[in-house]
Every structure is written in structure tokens, then in C-alpha cells.
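Peer 1: This is the structure I have questions about; it appears just below.
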């Protein structure tokens, strides 16, 4: 009965969350149209669409009908910043070196919808407008699905439906919302990253690997999701060695990590073949083609955008550091708070987790789904014997007291549980990368798909001691939604 009520509560919360996610996307799109109608864009060249350099098998962009001309112009004029690159890649492929900085998953989905579901609209509004419409549908739909997966992951990790719901609602109105409703890859990355985590926690490791690999096809930082597999493999290998079980944990984990990184590596090889293959003279080769490890993506980021370690630490970039300071401060506070609350767990990378936490963990520490059922039983018996030998000198009363104290420990659930650790480590790596290497203002959208940010924010909002932080959090999200929809939609710089 209790499980049925809990399941019903989760279903109701998920239904409400879907409404929040849809409303948040409609709100952002409405603000985008509103600001666009009031202000003149800073750059009006985005609507230009020169012919492709190379012939491609795509339908000709016939002129739209007079009735639909305004719709076509509205859609095409909404294309700004990186959206221009994604649409160009969809229509013409990878023509220039710098376009290889944009991975192919989003163009693939845009092309798929343009050729199938929305193909009849080409005669009405033109091919490019149909591609724009397809892009908006893909990104906004992916965002709604990402919000659903975040809620499901949060329920598994936090073991608190209310806290999970709060965190997911904050995600629906996150400060990088404008990018999740634009033709950007953030929505697809969030969907496949968070969805991959959900499948990993559900025991479908191979499905999780596929989703993580797809996240690497959306954004380059998707390969960092292999860290979850590494964390799981590390603890499973230790447990297998400790219990003297012959399980190919390390080999399995290594193969899975390779599979996650493979699509990104394959895309680099594709770029190398297109840009470097067939040039007989060294003078015709680009500098990165001659490198021992020719990484096209790193060269593009460094050469065209000036990305590199401490290269953005300039006085003139101070406004951009201020723009990124809220999200970076939230990330640092969430990490430091976890470190202070669970110092031994953090410094030991989870090896100091209690037996109760490991046994109730969401498949991140245990060998439960890596062994056969009979092996699981024997493993549990073996671990129980080990624990019994370790505690043989203690009295039964002491054991009972410790068990009761552990069950009442505030760290056993919520944001400070052992299950949150790999997410905090992942967030720390992402935040350090954003601050020291990237254009720092990008941190707002770069970190926006990190679940621990929303778990920590949910924790602060629910805490009576930090009630003022709730108002500050929502004010920050509202301000950046308004500011982002105003600046970004009119081709002014914003993160």
C-alpha cells in the first residue's frame, strides 16, 4: 500500500513537472518574440543564406508563399549566434574548418525532422524556415524530456520526492533557459547526459553507455560522462578484489568508457580526413594536421576562439567574470558544503561510505547488477562474514546502538548522501574547466545541466536557516531569463 501511494505521488509530481517544463519553454519563446519585436538586432546578417560551397542532395529552398512570408521571415530572423552554424551544417555539411567545433547530433535531428515530419511545410515557408522550426521543436522537446529524467534521477539519488520535485522545477526555470529554447545543443546534451545517468542507476549499463555516447555527439564535454562509469568501475573492482570474486569489472568498465568516447574520436577522425587527407604538399596542410596527435577540436577552440588555460584572465574580461559569478559561486558553495559535511567520504572518493549507504546506493558502489544472482547471494554472505569477523569483539548492544545512530544520520539521504559524490566530483571538474580554460561567461550554460546544482539549491530553499537563499535563487533565475531573452535574441553577447 505504501509503495502504491509513493508511486502515485511520483506520477502526480511528474505530471505537474511536465506542465512546468512546457510553460517555462512557452514563456521563454514568448519573451524572445516580445523583445525581438521591440528592439532592432545588433547584427542582421544571420538571415543571409549563401549557396553551399559543395553540391548536396537537399531540396531546393523554394520561395515561400505570400501568405506564409511573414512566418518564414520571423523564423529565419530568430537565428542568432551559434544557431547560424548549426543550420548551415544541417543544410550544407561541414564546409569550413571552424564548423567542426559544432558536433553533428543536433544537425542530424534537424535534418531528420525537416525531411520527414515537416517536409510538407517546405512549399509553404521554405526549406530554411522549416529547418529553423525543426530546430526549435527538437531543442524544446529535448528539454522537457530532460526535466523528466532529472526528476527520476533525483528521486533515486535523494530518496525524497519533494526535494526532487523542487530541484526539477528550478531546472525548468534555470538561468540558461534561453539556450534550451534556442537552436543550441544544450537541450540534447542535458537529455542524453541525465537520461544516461538514469539508465545507469536503473541497472541498464549498456543503455547508459549508448546515451552517454550520444551526449558526446551533442557536446564535447559529453565524454566526461565516462567518469560515472569510471567511478562505478573503481568501486566494483575494489569490492570484487576484496571479496575475491572473479569478475571482469576493469575490462568491462574500460570497454564502456571507450564506447562513450568513440563517437567524439570518430568525429575528429572524420575532420582529419576531410581537412588533411589528400594534401601532398606540407604547405597546404593546416598546423594541427602535422601534430603527433592531430586534435581538430582543440585547435579550433584555441585558434578561432582563444580558448586555453588562463588565456581569458584579462582585465577587459572582468564583466564576463561577473556575469558568470552567480553560477560559479553556486557550484563552489555546493561542492564546499558537501566537502565540509562529508570530508572523509569526499577525500576517499567514496571508499569511506558506510555499509548501509553502500547497500542502499543507486548501483554506484555495488556489484549487484554485475554478478549473477547466485553470486550476489554468496557475495552478500561473504561480506556479512567479513563484517561479522571485524565486529566480533564488539557487544551486540554496541552494534545495535551504532546501527540505530547510522539510520538516523542526516547524511544517509538527501544532498549529502554518498550517492551524490560522483556528481559533485563531476561538477567540480566542469566548474574548474569553465573558470580556468573556457570563456568564463559560458559557465552559465556549461554547468546548467549539472544535477547537483539543483539538488543543492533545493536543499537551501527547504532549509529554514537559509530561507533568504530561496528568494535570491529565484531572483537570479528570473533575472537571467529576462536578460538572456533580451540580449541573446537580439544578437547581443550573453554567456
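A Cβ is built for glycine as well, from the same backbone N, Cα and C atoms used for every other residue.
Those TrEMBL annotations? Automatic predictions, nothing curated.
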Peer 1: Do you know which of 280-299, 300-319, 320-339, 340-359 TrEMBL annotates as transmembrane segment?
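Peer 2: It is 320-339 that TrEMBL annotates as transmembrane segment.
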Peer 1: Name the residue range among 397-422, 423-448 that TrEMBL annotates as transmembrane segment.
Peer 2: 423-448
Peer 1: So which range, 1-19, 20-38, gets flagged transmembrane segment in TrEMBL?
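Peer 2: Result: 20-38 is the stretch TrEMBL calls transmembrane segment.
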